[in-house]
Every structure is written in C-alpha cells, then in structure tokens.
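Down below is the structure, laid out as structure tokens.
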C-alpha cells in the first residue's frame, strides 16, 4: 500500500473491467454503412444502364429514322359473284317487288396486296386476317401469313376469298337482291389491321399498326370489279 500526498490510497493495479476498452455498437454501425454503400452502387449502375439504353435508342432513331410501312390493296380479281334469291324463277320485276326472307351469296375473288418498306432496315409483319363484309355482315376472311421484308423493297402478296352460298337474311337479303338484279352492283368492304415491327441489329421495335380499309363494287353481270376506294383516293374501273 502506498500513500499519496493528497491523502488518497491506491490499492494495487487497475482491475480488468477498468482496463478493457468499450466498443459499444461500432461493428453494427459499420455494417449498416457498408450496406447503404452497396445499395448506392447498385442504384448508380442501374441508372447508368438505363441512360445508356436511352442513348443507344436515340442514336438508332437518329440514324435509322424509322418510317411507317405502307400496306395497300392493289388489285381485285373477280372469278365469280352469284346472288341467288329463294325463288330463282322470279323475274326481275317480281324480285324487285317482293321482299325475300333470305338470299344466298357465292363469291370467289383474289386480292393482291402491296407492302412497301421505305426504311433502311428490315420489317417483320405478323399474320393478318382481312374481313370481307356486306353491309357490316362478315362474309369471309382473307388470310395473309406473316413475313419479313428487306429494307427499301416492295412485295406483292396474294390471297383468295371463297364464299359458298352465304345466307344473307331479311333486310340485307332484300338489298342484296336489289343491288344484284337492278343496280348490277354489289358493294363490299375489306378491312383489317396489319402489325409490323422494325428490325434493328437483331432487335425488334414495338409493334406499329397499319390499317387497311377499302370499299369495292362488283358487277354480277360482267363478273368484274367496277370500283375500288382505299383511304382518300378512289379508283373507278
């Protein structure tokens, strides 16, 4: 035992509890900071990738300058169009005066479509079905399979619509018989949507849609096309 000048007494060396350092929660605080740094790095990396993708897309758009493809009905060939009222022995005057309960329409036409790709890259078209209608009533479907088209090219696509004795009822039957027997003109509508994707470096763009909406008129007596109108331009034949 030693005696200090101030009267305090010191009993040997300090205990273990007094010498041991107190770390507290330092390890846990360091782990939290490391986790936040990792999350920050991941966020910065994702932001960089998004900006890089946007930059690449912008460069592609500026270089390629994609334009909407053109898809039009170019030609209609009539093999036959027959309209048969319930009583085929009726005269033209009788048919005009009577109100038939039904009429049968048989149709065989060939449609020739033109696909134009004005772009510097290729285009992939999906399969398309065009409806052939009379007064809004679907008569048949013209199917066009999907295909790919090179840059700066034009392609002709042919399909056929065959309708065998389609039963047109009531008011539409009356109009159909009158149009065929009196006016010698049967008006049909061909409509459908064509889906296309632009191909750039093996990747495809979001789908763009090209609408086809054409009105045609067929003469049952001459068995030929007399009128075709697609969009704003009309063509009389």
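Here the Cβ of each residue, glycine as well, is placed from N, Cα and C on the backbone.
Unlike curated entries, TrEMBL annotations are predicted automatically.
Residues or ranges marked as region 'Disordered' in TrEMBL: 1-21.
The annotation transmembrane segment is assigned in TrEMBL to 42-64.
Confidence over the domain 'Late embryogenesis abundant protein LEA-2 subgroup' (116-214), given as mean pLDDT on the 0 to 100 scale, stands at 90. Annotated domain 'Late embryogenesis abundant protein LEA-2 subgroup' per TrEMBL: 116-214, in sequence order.
Residue counts for the domain 'Late embryogenesis abundant protein LEA-2 subgroup' (116-214) under DSSP, helix first, then strand, then coil, are 14 helix, 64 strand, 21 coil.
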